[in-house]
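*Asks:* Sharing a structure here in structure tokens format.
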Amino acid sequence: MSESPIDLMTVVYSIGAFALLVGTIPAIRLLGGGYRGGRFGFLLAIPAVAGISYVSMAFGGGEVLFQGYPVPIERYADWLITTPLLVGYAAYIAGMSRTWIIGAAVADALMIVFGGVAVALAPPGQWIGFAASALCHLSLLGVLYGILPSYAQEQPSERRRLARILQNHVGLLWLAYPIVWLFGPGLQAISATAVGIVITFMDVVAKTPYVYFVYRARNVFEKAGPRAPAQGTATQGTPTQGGMQTRPGVSEPSEVPART
Ligand code: RET
């Protein structure tokens with residue numbers, strides 16, 4: 001009786017947890033970077049909540065059998081918190097109105113709630129849940145590609161570029177989730193282990209690079225405070241890299257008086 005000392009999914013979920021927690025690093029750097037605005041707390045919550053959820057999955061926490069198919073409850077709890085943040089943050093970067101940001105986040109949360117209902121129910125109800133979730137997903141895609149661009153257009157070029165990256169990162173990668181769901185818990189054509197491995201990969205790709213993209217484009221955000229670091233030159237108010245505004249329009253009222 002050779003019982004494997006470490007279960008495959010423990011390894012997979014541990015790697016997922018690690019890769020997601022790596023994603024907190026750029027968010028923490030942004031938080032400590034002396035930027036004004038940027039809502040980096042929300043950004044940090046994305047890989048942090050997911051990372052914690054993966055730690056719990058690695059310990060075999062909340063696995064439940066639905067129709068004989070094991071589903072980790074943490075996955076849906078994590079998605080319920082983090083996917084509205086992913087969508088809402090992309091909308092925020094695009095400069096969308098508060099109403100659209102919240103509307104998109106709510107549509108996203110409903111998509112996950114209906115997905116959770118679908119996974120828990122037996123066939124007729126399951127497909128109704130799937131259809132409701134898919135409708136919410138379609139409405140999200142409508143907001144991302146139908147409404148977001150008109151807001152993004154009004155933004156400075158670097159911010160517009162970041163908004164487009166986040167829009168496509170969310171819009172394209174997420175298409176894979178309902179497909180995996182269909183063959184996994186839906187039709188039960190592929191094993192829960194295979195689903196777990198594929199979803200782990202997708203979750204990491206959906207989150208860690210997302211945070212990094214924002215970090216990479218950090219010149220989009222205004223530098224705040226009296227000690228805006230002079231990168232390269234000590235000249236006041238000179239844009240630093242790539243012509244981006246480091247302190248746009250701020251005439252440094254609270255600066256330490258010039259030592260002349
Ligand atoms: C479900 C249920 C079936 C129908 C649809 C779904 C969509 C899920 C999506 C999940 C995205 C998750 C992400 C996680 C990141 O860690 C719920 C599978 C449409 C789009 C990005």
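Cβ from N, Cα, C; glycine included.
Curation plays no part in TrEMBL annotations; they are all automatic predictions.
In case it's useful when we look at the structure, here is the feature table from TrEMBL:
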type	residues	note
TRANSMEM	6-28	transmembrane segment
TRANSMEM	40-59	transmembrane segment
TRANSMEM	79-95	transmembrane segment
TRANSMEM	100-121	transmembrane segment
TRANSMEM	127-148	transmembrane segment
TRANSMEM	169-187	transmembrane segment
TRANSMEM	193-215	transmembrane segment
REGION	226-260	region 'Disordered'
COMPBIAS	228-249	compositional bias 'Low complexity'
*Asks:* So what's near the transmembrane segment (100-121) in sequence-distant terms, Cβ-Cβ under 8 Å and 6+ beyond its ends?
*Replies:* 66, 71, 76, 79-80, 83-88, 91-92, 127-130, 132-133, 136-137, 139-140, 143-144, 147, 151, 181, 185-186
*Asks:* What residues elsewhere in the chain lie close to the transmembrane segment (193-215), defined as a C-beta under 8 angstroms and at least 6 residues from its ends?
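*Replies:* The answer is 8-9, 12-13, 15-16, 19-20, 22-24, 26-27, 29-30, 43-44, 46-47, 50, 54, 72, 75, 78, 82, 86, 89, 93, 162, 165-166, 169-170, 173-174, 176-177, 180, 183-185.
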*Asks:* Short question: which residues 6 or more past the ends of the transmembrane segment (169-187) have a Cβ under 8 Å from it?
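*Replies:* Here the qualifying positions are 66-67, 69, 71, 86-87, 90, 115, 118-119, 126, 130, 133-134, 137, 141, 144-145, 194-195, 198-199, 202, 205-206, 209-210, 213.
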*Asks:* Pairs of Cβ atoms less than 8 Å apart decide it: which stretch in 6-28, 40-59, 79-95 has the most with the transmembrane segment (127-148)?
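*Replies:* Most contacts with the transmembrane segment (127-148): 79-95.
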*Asks:* Other than its close neighbours in sequence, what residues sit by the transmembrane segment (6-28), given a CB gap under 8 Å and a spacing of at least six beyond its ends?
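*Replies:* Sequence-remote neighbours of the transmembrane segment (6-28) are 40, 43-44, 46-48, 50-51, 54-55, 57-60, 193, 196-197, 200, 203-204, 207-208, 210-212, 214-215.
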